[in-house]
Structures are given as C-alpha cells and as structure tokens.
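Take a look at the structure set out below.
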Amino acid sequence: MVSLLDRVILKAYWRLLPIIFLSYIIAYVDRNNVSLAKLKMVDDLPSFRYRTESIFAYGQVAFFIGYLLLEIPGTLLVERWSARKWICRIMITWGILASLTAIVKQPWHFYLLRFLLGLAEAGFFPGVIVYLTHWFPGKARARALSLFLIATPIAQFVSPKISYYILRMGTIENGIYYRTLFKLKGWQWMYIAWGVPSVILGIIVLFFLTDRPKDATWLSREEREVLETELSIELERQQSIGGHLTVLQALRQIKVLLLAIAYFFIVTGNYGVELFLPTILRDWYHLNDSRLTWLLMIPPLGSLFGMLIVGFSSDRTKERRFHAAIPILIGAIGLGLTLIRHQPLITIIILFTITSIGTKAYLPAFWSLPSLFLSESAAAGSIGFINSIGNLGGGVGPTILGVIKDRTGSFFLGILSLSISMAITAVIIMTLRFDRRYQTSTPKNTQQLSTPDIDHRLIEKTTEIKELTQF
C-alpha cells in the first residue's frame, strides 16, 4: 500500500519536475548551440575566420567568468528568498541575451554577449539542485535529480536536427535554396528560435512553481504537514551527524574544496568535447551538415540511459561515491581511445558515446554528495561554490582544444588533456569518504536519531495530523 508521504512526493514530481525539466532543456541548448552555429557563422563573419577555434573557446571562457560572479549569490537567493522569482528572472534575461547573439558582427561582440549570458544564467542549475532539497527527502531526491538532469542528454538529442533545419535557412544545399525571413541567416534565427522559449517558460515558472511545501495550495494541509515533517526530521538527522555549519564554514571544508576541484576537471572534459565534437567529426570525416547532425544525436542517447541507470541504482543502494566516480573513469578511457588513428566512423561514435556517458551519468550521485555532510543552508552555499569553481572548466576545456588546434592543426594533444582531466576527477571522488559516515556514525556529545526513532516520530506526527483533519 502506498503511504501518504509517497503519494505527496509523486504529486510533487508531476507538479514541479516537468517545468524545471523543460527549462533546463532550453538553458542547455542556449548555452551550447554555439557548437553548431559556429560552423555557419564563420561563413558570414570574416572577422571570425582567423583563429576560429580560439575565438569560440574564449567565448566559453567569457560565459563562465560571468557565471562565476553571480553563482553563489544566486544560489543563496533560492535558499533564502524565492526560487520561483529568481528562476523566472534568470530565464527571461538569458532568453533575451541568447537571442541577441544573432546580431554579433565582431569577436568582441560575441565575448560581451557570452559574458552577459553567463551572468544571466548564473544560479539556475545549483538553484534547482537546492530547490529540490526543499521538496524531496533524501530517498526521493536522487531520483528527482536523475529526472531533472536527463534534460541535458535530451537537449543534446533533440537540438542538433532542429538546429540543422534552422541553420540551412538562407543557404543553398544540394542545389536547393532555403528561404529565410527578414534577411537573417540561419545561424541568427537559430539563436532567436532557442532564446524566445526561455522567456515564455520564465513567465510560466512565476505562476506554476511553488517555493516550499508550506506554500503549496495544490496540496492539502495533511499532505503539506507530512512532507514538511519528513524534511525537518532529515535535516535534524544531518545536523546530529555533522553539526550545523554556516555557509562560510562549509566553504572551508576540505570535502567541499575537493568536490569543487573534481567538478572542475570533469567539466573541463565535458565542455571541451561538447563544444568541439561537431568540429572534430567534420574535421576527421568530412561530413555534411545533415549526416553530422544525425550522428550527434547518438552520444546523448547513451548518456540518457547511463544517467537513468546510475541514478536509480544510486538511489536504491544509497551509495553515491562510486556511482559518481566509475562512470567518469570509463568515459575518460573512452575519450582516450578516440586518439587511435584511422578508426571507422562507427567506432569513433561508439567511443564518443562512452565519453558522453562518463560526462553525464555521474551527475545525480555527485550532486547528492554535499547534502550528506552539510546542513540545508550550508549545502546551498557549497553547491553554488562547487558549481562556480567547477564550471570554470567550461572555459578551460574548450580553450585547451581550441588553442591547441589553432597552433598545431590537430586535436590530439587537446583530447589527451581532456581524458587525463576526467581521470583526475574519478580519482579525487574515490578518495573521499562520506557515505559510510553519514549512514552509520554519530559524533560524540550529539543527540542520536536512530531510524526507528525517526519513523516513530513521523508516524506520531502523521497520526496527529489525521486527528486534526477529522474535526
């Protein structure tokens, strides 16, 4: 028989996750559609033709510098103010700025808009991670994270072909001229077409998201109480194990610093591959746009299944560390194997699919780690810190590939560097220890909360609620 708590969690899934899921799809496309747009921008913008790969790599650096500046403040606003209002603000501003990329003429225009886009988007991803802690207890949070995070491979799966049909506007392909509107090129329309939905979703977020269970008019009083009770018991258990840490104390924790460093190295590998994969495949196999965009849809399918399997396994076993580290290590090996020369195209696609699994499947388990040893507010600040420092790798990875390609004419050294970077992440995560401590240890001079005690208190509270609702 399904308990009341399980029914409430399921209701929250259906109410909240679809909105933030769609929002993250659009956010991810707006951030990364430059990887395809660059293939056409260089044809129309002469100033982008010299050191092309470096220009787009520096654009990623500008994006993540802006992202870093507002990441932690944005995450704390979600925790202490309003997730609904802050996410709405983020989506509307990033949608406008993403669309404005259509007007760039010079590299410095591109750098400026990427920097502003980073400022606009800062706080969205870690803000959602924190937001989920307001709604879902630990046993359901990893699953909620998995459902949210699979938006990234789905965005990568659906966007190449849609973007391809937009990109060919105003161009001639196979002797056929594809009309455009208002004399804009296809790459310009692509930025606009992916930016406008963000603005629309931002308005929807304002009216349909709910900050916390106590504010949910779509839940009954009994449902609100049972969910809030479960969340408060979980928070008390965390504090009894690790004590209550302030945000500044959390940022001085060695585990927080190591998680930030680990995330930096995996993001370095992830964004380096994602931004340049279309260019790599075209450079190595001389593919046309139609075939290229079909092939780009394959790696995200692998990462989608990887995320679902790893996320549900992590939730079922309550193990996080190895569920995060092992996929990354496998992905690093897959990326390194792409350097073997003269491989068939299908082999390279399989290897890049393994790489994609490694750069995505770890995410649900990884983002569950801070909550294992930090209180709610401290976890919020640490998540923003980890995401900010880690996402600097989003500029480093593309820079490594882009600059090395421009200077050597080859992707070999760049790909090797990214493979090593991913392996470093796996090693760091495997050296950390928190799951066992969270589940079994309790420090001295701290009130112990055993599982039976917690269950008994929850039952008592639920019974009290039911008695109240009878009158």
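Note that Cβ sites are derived from N, Cα and C of the backbone, with glycine treated the same way.
Taken straight from TrEMBL:
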TRANSMEM  12-29  transmembrane segment
DOMAIN    16-437  domain 'Major facilitator superfamily (MFS) profile'
TRANSMEM  55-74  transmembrane segment
TRANSMEM  86-104  transmembrane segment
TRANSMEM  110-132  transmembrane segment
TRANSMEM  144-167  transmembrane segment
TRANSMEM  187-209  transmembrane segment
TRANSMEM  256-273  transmembrane segment
TRANSMEM  293-310  transmembrane segment
TRANSMEM  322-340  transmembrane segment
TRANSMEM  346-367  transmembrane segment
TRANSMEM  379-404  transmembrane segment
TRANSMEM  410-432  transmembrane segment
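Nonlocal intrachain contacts for the transmembrane segment (346-367), taken as residues 6+ away from its ends with a CB within less than 8 angstroms of a stretch CB, comprise 129, 142, 145-146, 149, 152-153, 156, 259, 263, 266, 269-270, 273-274, 277, 281, 284-285, 295, 298-307, 309-311, 314-315, 319-321, 323-325, 327-335, 337-338, 383, 422, 429. The transmembrane segment (55-74) is not in contact with the transmembrane segment (187-209), judged by fewer than 3 CB-CB distances under 8 Å for residue pairs 6 or more apart in sequence. Here the domain 'Major facilitator superfamily (MFS) profile' (16-437) returns a mean pLDDT of 85 for the predicted model. Sequence-distant contacts of the transmembrane segment (293-310) (same chain, six or more residues past either end, CB-CB distance under 8 Å): 36, 146, 149-150, 152-157, 160-161, 163-164, 277-278, 281, 287, 323, 327, 345, 349, 352-357, 359-365.
The list of residues near the transmembrane segment (410-432) in space but at least 6 beyond its ends in sequence, with Cβ under 8 angstroms from a Cβ of it, reads 255, 258-259, 261-263, 265-266, 268-269, 272-273, 276, 280, 283, 321-322, 324-326, 328-329, 331-333, 335-336, 338-339, 358-359, 366, 369, 393, 397, 400-402, 404. With a cut-off of 8 Å between Cβ atoms, the residues of this chain six or more beyond the transmembrane segment (144-167) that come close are 13, 17, 20-22, 24-26, 28-29, 32-33, 36-37, 39-40, 128-129, 132, 135-136, 186-187, 189-190, 193-194, 274, 289-290, 292-294, 296-297, 299-301, 303-304, 307-308, 311-312, 315, 356, 360, 363-364, 367-368. Among the listed stretches 187-209, 256-273, 322-340, the one sharing the most Cβ pairs under 8 Å with the transmembrane segment (379-404) is 256-273.
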